[in-house]
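Annotated features, as they stand in TrEMBL:
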- SER10, HIS59, GLY135, PHE136, GLY137, GLY138, GLY166, GLY186, SER187: substrate binding site (BINDING)
- HIS35, ASP37, HIS59, ASP164: divalent metal cation binding site (BINDING)
- ASP37: active site, proton acceptor (ACT_SITE)
- ASP164: active site, proton donor (ACT_SITE)
Amino acid sequence: MAYSAKIGPSILSSDLSCLGSECVRMMACGADYLHLDVMDGSVFSVAPKATTLCVADMHMMVSRPEQWVKPMAAAGANQYTFHLEATTNPGNLIKEIKESGMKVGLAIKPDTTVEELAPWANQIHMALVMTVEPGFGGQKFMEDMMPKVRWLRSMFPSLDIEVDGGVGPDTIHKCAEAGANMIVSGSAVIGSDDPRSVITLLRTAVADAIQKRSLDR
């Protein structure tokens, strides 16, 4: 198994007027990376200022993900995660992202089947299974997305699999047991009085599940 437990606080849940300091605070609390949501005309103006301070996974919830590859690479993003639903030519976009020096993440919304992502799984670094409808914080975790995670882990054992939406201490075990190893958590981490302890709890749950899966093989 080549994957490991990684926790990425979602900066959408933070005070965006203090984006830089929030990035520093989360990394100091033990985050492995930061998950920055980028939406058409909203977050992009402040996102580049933060990307040089951390390991940044840019979640591109935009209508034309092709147009932002070069700007995000120039801003220092480490990973460019786009939605399968937002492009008609995933193969070209994957190639362009790699050529720009970033890792490739491919996301699917709740209504998109995991089989639609499968043809691209061997060309990407990470698959993102949305566990809420993208674009709004504070939604309820969709447990019925876990079969997608389980299927991906079964079919692509070494792939990084990320979950995003409603993930926190109450739902982390479902994600970890299904096979997710990259955990996006917004309000549960950033809204906590002790973000470090929440990050540690999430990471421990995922690491324990990875170890159990390894022993069961």
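Using the three backbone atoms N, Cα and C, a Cβ is placed for every residue, glycine included.
Neighbour counts of Cβ atoms within 10 Å were taken for the binding-site residues SER10, SER187; the minimum is at SER187.
The Cβ of GLY166 (substrate binding site) lies under 8 Å from the Cβ of THR131, VAL132, GLN139, LYS140, PHE141, MET142, each of these being in the same chain and 6 or more residues away along the sequence. Ranking the binding-site residues ASP37, ASP164 by how many Cβ atoms sit within 10 Å of each one's Cβ puts ASP164 at the top. SER187 (substrate binding site) sits 13 Å from HIS35 (divalent metal cation binding site), taking the CA atoms of both as reference points. Other than HIS35, ASP37, HIS59, ASP164, the residues of this chain whose Cβ falls within 8 Å of the Cβ centroid of the divalent metal cation site are, in sequence order, GLY8, SER10, LEU12, LEU36, ASP57, MET61, THR81, LEU128, PRO134, VAL184. Cβ neighbour count for HIS59 (divalent metal cation binding site): 29 (other Cβ atoms within 10 Å of its Cβ, all protein chains included). HIS35 (divalent metal cation binding site) sits 5 Å from SER10 (substrate binding site), taking the C-alpha atoms as the reference points. When Cβ atoms from all protein chains are considered, those within 10 Å of HIS35 (divalent metal cation binding site) total 28, not counting its own.
Taking only the Cα positions, the spacing between SER10 (substrate binding site) and ASP37 (divalent metal cation binding site) is 8 angstrom.
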